[in-house]
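Listed in Swiss-Prot for this protein:
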BINDING   Asp34, Gly35, Glu36, Arg82, Gln83  ATP binding site
BINDING   His115  Mg(2+) 1 binding site
BINDING   Asp150  Mg(2+) 2 binding site
ACT_SITE  Lys173  active site
BINDING   Arg175, Asp199, Ser203, Thr204, Gly205, Gly206, Thr207  D-ribose 5-phosphate binding site
Amino acid sequence: MKIIPCPSSPLLARRVAEAAGIEIGGAVFKKFPDGELYVRVMEKEGVVVGSINSNEDLIALIFALDVLENAKAVVPYMGYARQDKVFQEGEAVSIKIVAEMLESRADEVVTVNIHSSDAASHFSKLKNLDAMPLVGEYFAGKDVVMISPDKGSMERVKTAAKHAGCEWDYMEKRRIDATTVEITPKTIDVEGRDVVIVDDIISTGGTVAEAARILYGLGAKSVSAACVHAVLAENAAIKLFNAGIKDIIATDTVECAFSRISVAELIAENI
């Protein structure tokens with residue numbers, strides 16, 4: 001099988017090919033004047049690599065998979081995974097539909113840190129890889145404390161901190177009275193410390209920006225942000241820097257200026 005890079009993951013696809021010792025296959029992706037996509041794949045079988053960070057990314061990935069007689073799908077960032085259940089009557093469960101689209105065309109689907117176990121449950125042929133150890137290794141030897149912006153991401157931060165060899169904590173909401181809620185790290189004093197806020201996805205950046213302001217208010221020396229998937233929608237990077245974030249560190253599941261960590265070898269070992 002050859003690697004077929006989608007337009008959303010050209011660099012990562014080539015890194016995966018190099019790490020796995022697999023050739024790049026021939027494919028053409030272009031757009032017609034009316035905005036419709038044209039996809040041609042000059043292979044009968046292949047591993048299609050493409051993150052879903054937009055509707056166009058999804059269509060390009062599905063079209064490429066549909067051409068192949070024997071296909072694997074590598075979706076480093078699985079978009080639509082946050083709508084993993086019906087929250088209000090009448091809602092489409094987006095990830096369920098995406099799972100059906102992918103698994104009807106691919107023998108296996110490989111992704112990295114899908115947003116939740118509920119999202120993963122909609123797949124029957126999913127291999128969900130964990131890049132948090134790689135995030136942790138990036139900070140190995142640095143005197144930092146890792147903080148989860150909420151209790152829900154606690155296990156992710158725990159994993160990253162283990163591989164960084166550093167302390168970790170999570171932000172805890174504590175109700176003071178009927179109208180006041182205090183948000184602080186549960187146990188660690190961050191005064192004078194270099195703090196790294198760790199999460200799986202940074203999308204609009206609102207949660208991380210608010211956490212940064214709180215941490216600076218508690219005397220943190222510096223606050224950086226680290227994540228697997230740097231979606232960074234709606235000028236999120238500007239929002240984070242305005243909140244005092246010193247640096248943003250991410251993997252290349254979503255290719256951007258902050259992609260310092262590559263998941264290529266992790267993927268290559270699992271295809």
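Glycine is treated like the rest: Cβ placed from N, Cα and C.
In the three-state DSSP classification, Thr207 (D-ribose 5-phosphate binding site) falls within a helix. Looking only at the binding-site residues Asp34, Gly35, Glu36, His115, Asp150, the one with its C-alpha closest to Gly206 (D-ribose 5-phosphate binding site) is Asp150. Residues Asp34, Gly35, Glu36, Arg82, Gln83 are recorded as binding ATP; their most distant pair of Cα atoms lies 30 Å apart. Recorded residues Thr204 (D-ribose 5-phosphate binding site) and Arg82 (ATP binding site) have their alpha carbons 14 Å apart, per Cα-Cα distance. Nearest by CA distance to Gln83 (ATP binding site), out of the binding-site residues His115, Asp150, Asp199, Ser203, Thr207, is His115. Considering only the binding-site residues Asp34, Asp199, Ser203, Gly205, the residues lying within 10 A of the residue listed as 'Mg(2+) 2 binding site' on a C-alpha to C-alpha basis are Asp199. Nearest in space to Glu36 (ATP binding site), taking C-alpha to C-alpha distance over the binding-site residues His115, Asp199, Ser203, is Ser203. Between the binding-site residues Asp34, Glu36, Asp150, Asp199, Asp199 has the most other Cβ atoms inside 10 Å of its own Cβ, all protein chains included. In this structure the alpha carbons, written CA, of Gly205 (D-ribose 5-phosphate binding site) and Arg82 (ATP binding site) are 15 Å apart. In this structure, of the binding-site residues Arg82, His115, the smallest number of CB atoms within 10 A of the CB marks Arg82.
Using Cα positions, the member of the binding-site residues His115, Asp199, Ser203, Thr207 nearest to Gly35 (ATP binding site) is identified as Ser203. Remark: Ser203 (D-ribose 5-phosphate binding site) has Val231, Leu232, Ala233, Ala236 as non-local neighbours, by Cβ distance under 8 Å and separation of at least 6 in sequence. Take the Cα of Asp199 (D-ribose 5-phosphate binding site) and measure to each of the binding-site residues Asp34, Arg82, His115: the nearest one is His115.
Annotated pair Thr207 (D-ribose 5-phosphate binding site) and Arg82 (ATP binding site), C-alpha to C-alpha distance, rounded: 15 Å.
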